[in-house]
Amino acid sequence: MSLQCHKNQTSVTFILLGFSEYPDLQVPLFLMFLTIYTITVLGNLGMIAIIRVSTKLCNTPMYFFLSHLSFVDFCYSTVVTPKLLENLIVEDRTISLSSCIMQFFFACTFVVTETYMLAVMAYDRFVAVCDPLHYTVVMSPKLCSFLVGASYFWGLLCSLTLTYFLLRLSFQGVNIINNFVCEHAAIVAVSCSDPYISQEIIFVSATFNEISSLVIILTSYTFIFITVMKMTSIGGRSKAFSTCASHLTAIIIFHGTILFLYCVPNTKNSWLMVKVASVFYTVFIPMLNPLIYSLRNKDVKETARKLISLNL
């Protein structure tokens, strides 16, 4: 450790570079991200409201999980996007150490929670397709609440662990983060102490979370595919696939982006790709999920039409 590296970090600040290397794009990017964030807030809160006011949807496990997915997407986007918007219109892009760590803590909590929420929803689709006669018995309110609670708990536990090891690092003076969000690799990169343990912890955690959630998802959809292929009715096959289409789309987009970030080499030239990919899963995906589920879901669209007609 450097002699100048100290534990008294009250004067430590970070500068989030964001997309400052493209000054001519600041206003267009601000307008684009503001529009996306507005759609994200309205879409996810709207989805929650539609599910909560409908007795039919509220008491269905799939929509119970979907309401929590919308809540996680709303929270996740709100942790990241407002600061991104601020940095696009102000010259002072500084953020304090405590604020940076807090942003990482909440972002990590919600992204891990979403990872397992998607896995839980895959298990729900497995039960619905492979054992429809016992669906309401297997997916009881008690089990649904447990699965959702476990997703939040594990997200919080992972985030607390990673944040603890980040707080053990030392920083000094002004630190430049070449990103728009306080993500782990960017924070570790500006530390003046040995980040080996913190890097190993997040590698193990991220690998475990990604592999375990994908195992649940792939196993569920393998059995779903086998069951659907055994169906003799074309209509039955079509209905089964349609109930899974929205969820599969959300999974492919979310995990595809995460896996892409895994494959990006850790070099200076790769930071732009990392930022673009980070924008996709922190800003775009929370907007896309409610659109994917509402546009392809007849029950949601019918409930939304009824609510609109009642308010007119």
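One-based numbering along the chain as shown.
Each Cβ is built from the backbone N, Cα and C atoms, and glycine gets one as well.
According to TrEMBL, the protein carries these features:
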{"type": "TRANSMEM", "residues": "29-51", "note": "transmembrane segment"}
{"type": "DOMAIN", "residues": "43-293", "note": "domain 'G-protein coupled receptors family 1 profile'"}
{"type": "TRANSMEM", "residues": "63-81", "note": "transmembrane segment"}
{"type": "TRANSMEM", "residues": "101-123", "note": "transmembrane segment"}
{"type": "TRANSMEM", "residues": "143-167", "note": "transmembrane segment"}
{"type": "TRANSMEM", "residues": "211-228", "note": "transmembrane segment"}
{"type": "TRANSMEM", "residues": "240-262", "note": "transmembrane segment"}
{"type": "TRANSMEM", "residues": "274-295", "note": "transmembrane segment"}
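Within the chain carrying the transmembrane segment (63-81), a Cβ under 8 angstroms from the stretch's Cβ atoms is held by residues 33, 36-37, 40-41, 43-45, 47-48, 51-52, 57, 103, 106-107, 110-111, 113-114, 117-118, 120-121, 124, 144, 147-148, 151, 180-181, 282-283, 285-287, 289-290, 293, 299-300, all 6 or more beyond its ends. If you look at the transmembrane segment (274-295) against the transmembrane segment (29-51), you find at least three C-beta pairs under 8 angstroms, all six or more positions apart, and that counts as contact.
The transmembrane segment (101-123) shares more Cβ pairs under 8 Å with 143-167 than with any other stretch in the list 29-51, 143-167, 240-262. By the Cβ criterion (distance under 8 Å, sequence gap of 6 or more), the transmembrane segment (211-228) is counted as touching the transmembrane segment (240-262), at least 3 such pairs being found.
Regional average pLDDT for the domain 'G-protein coupled receptors family 1 profile' (43-293) in the model is 89.
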